[in-house]
Amino acid sequence: MTTDISTYRFNHTMIRVKDPEASLKFYQEILGMKLINKVDFAESKFTLYFLAYCHEQLPETREEKNKYIFSREAVLELTHNWGTQDDPNFQYHNGNKDPRGFGHIAISVDNIEAACARFEKCGVNFIKKLQDGKMNNIAFISDPDGYWVEIVACGVDVTCASKHE
């Protein structure tokens, strides 16, 4: 049996979310992603939401959706464990507080200044604005669960300004 590593692709990353309505609104309305599929696991009491940037017609059947999701790159999977939205004290660790772990996802945009102005107008929480710090060519916003989203301009080299902590 063999495998060809040149065919491997980064498919998706998963983050857990407290309130799927708030998270879906953020990722769809603020960041412009499309919901590809929603899968409920009633016996285990959780739901998976698969989102991505899609510029083509989305598949319609569950089988076609699964094939599409697992054969493409750059899918975000949101996992909602039922009931977390009803607990006002519940929160997930975002990876950027001690102990540090997961850092962020990144989204590239066509015009970073305009995108950041739009995020500000929409009331999005900024971790780092463009003018903050040494790296004035990136920004960080946070989603409803406090996960960081790095905003970069398409084609910009962010490695020359500074290194990540």
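Just so it is clear, glycine is given a Cβ too, placed from its N, Cα and C backbone atoms.
Noted in TrEMBL for the protein shown:
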type	residues	note
ACT_SITE	GLU150	active site, proton donor/acceptor
BINDING	GLU77, HIS104, GLU150	Zn(2+) binding site
DOMAIN	9-154	domain 'VOC'
Close in space, distant in sequence - the residue listed as 'active site, proton donor/acceptor', Cβ under 8 Å, 6 or more apart: HIS104, ILE105, ALA106, ILE107, ILE138, ALA139, PHE140
PLDDT averaged over the residues of the domain 'VOC' (9-154): 96
Nonlocal neighbours by CB distance (under 8 Å) for GLU77 (Zn(2+) binding site), same chain, sequence gap 6 or more: HIS12, THR13, MET14, ILE15, LEU48, TYR49, PHE50, LEU51
Local Cβ density at HIS104 (Zn(2+) binding site) - other Cβ atoms counted within 10 Å: 18
